[in-house]
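Have a look at the structure below before the remarks.
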Amino acid sequence: MTIMAPRTLLLLLSGALSVTETWAGSHSMRYFSTTVSRPGRGEPRYIEVGYVDDTQFVRFDSDAASPRMEPRAPWVEQEGPEYWVLQTRNSKASAQTFRVNLQTLLGYYNQSEAGFHTIQWMYGCDLGPDGRLLRGYHQYAYDGKDYIALNEDLRSWTAADAAAQITQRKWAEANAAEGMRAYLEGTCVEWLRRHLENGKEMLQRAEPPKTHVTHHPVSDHEATLRCWALGFYPAEITLTWQRDGEDQAQDMELVETRPTGNGTFQKWAAVVVLSGEEHKYTCHVQHEGLPEPFTLRWEPPSQPTIPIMGIVAILAILGAVVTGAVVAAVMWRKKSSDKKGGSYSQAARSDSAQGSDVSLTACKV
């Protein structure tokens, strides 16, 4: 397997950001790429996306009419042409390398070229509140399974199987971990700091979730309570259900946090309860945008303030009023037509021909 050279981006900085600068919480920059073979349909497709925290900021697609790294966030659009030329060059080089890697892995696993295969690659760095490296990443997967990964010490590799051990030996001989460590501790950290500074209005904001609980009957004896958190940023959030103060994690259905398409996220957690015991359950929400954890429960819809019999009586009265108005209108029209020498039946035929005039007249009454 060909050794992937680390992405060495030139620091296009007039002055390096201070190491002592701080940010609220930890932050990350990750690049994700996928290479998919297409037997009989041309070269494999290569797609690469970059994220700062939960926000995509760059994207490359080898199938584009003019393949190049493109901005996906407003703050990165201000980078100069040198940045985009270098990013595009690196992505094209990675695409070519992974095409070779696909062929190599077919040999390692004794597979036919007739099938579809994928290589996934993820690398990046996490930054602490003090602006220093927390963790570096560099890992591969083949056909959806772990292949090889750089360990937390950034000096050694973990191979998932015998085929990956071949790559591990090659990379150990070439001292590939040293180059990757230099990138993660240097270039990756510096660019993440730069993105956090340039995109701070978007990346360092905290939008609290909008929360509510919905009630869904399952049977005559059970119902599902679903706790919703909508429109929050960043994506990290905790939803838990409690019954009389005790966590219900084992009985709770929890979906993955999902993007809403407008730069925020949504999530829900559900629990099945016995009908009549809904009041015993509370949903607890923790998020960076909330000053303190928030607790809510399902509130049954309020009862109507007017009794049912009262509503029936009111409707009966309204019906009588409308009926009286219609009768009065008919009698008035009959008298009017008699004065003109016409008949009531002629007037009725004339009204029906005008379509909605009767309804319009009735509404006015």
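Note that Cβ sites are derived from N, Cα and C of the backbone, with glycine treated the same way.
Predicted, not measured: the structure shown is a model, and the values here were computed from it.
According to Swiss-Prot, the protein has these features:
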type: COMPBIAS; residues: 346-359; note: compositional bias 'Polar residues'
type: DISULFID; residues: CYS125-CYS188; note: disulfide bond
type: DISULFID; residues: CYS227-CYS283; note: disulfide bond
type: DOMAIN; residues: 209-297; note: domain 'Ig-like C1-type'
type: CARBOHYD; residues: ASN110; note: N-linked glycosylation site
type: MOD_RES; residues: SER356; note: phosphoserine
type: MOD_RES; residues: SER359; note: phosphoserine
type: SIGNAL; residues: 1-24; note: signal peptide
type: TOPO_DOM; residues: 25-308; note: topological domain 'Extracellular'
type: TOPO_DOM; residues: 333-365; note: topological domain 'Cytoplasmic'
type: TRANSMEM; residues: 309-332; note: transmembrane segment
Within the domain 'Ig-like C1-type' (209-297), how many residues are helix, strand or coil going by DSSP?
-> 6 helix, 54 strand, 29 coil
Mind telling me which of the disulfide-bonded residues CYS125, CYS188 has the densest Cβ neighbourhood, counting other Cβ atoms within 10 Å?
-> CYS188
Compute the C-alpha separation of CYS283 (disulfide bond) from CYS125 (disulfide bond), stating it in Å without decimals.
-> 34
Collapsed DSSP category at CYS188 (disulfide bond) | helix
Residues with Cβ closer than 8 Å to the Cβ of CYS227 (disulfide bond), same chain and 6+ apart in sequence?
-> THR211, VAL213, LEU239, TRP241, TRP268, ALA269, ALA270, CYS283, VAL285, LEU296
Given the residue listed as 'N-linked glycosylation site' and CYS125 (disulfide bond), what distance in Å do their CA atoms have, once rounded to a whole number?
-> 34
Which number gives the other C-beta atoms within 10 angstroms of the C-beta of the residue listed as 'N-linked glycosylation site', all protein chains shown included?
-> 7
Restricted to the topological domain 'Extracellular' (25-308), the mean pLDDT of the model is 95
Cβ neighbours of CYS283 (disulfide bond) where a neighbour is any other Cβ within 10 Å = 27
Where does the residue listed as 'N-linked glycosylation site' sit in DSSP terms: helix, strand, or coil?
-> coil
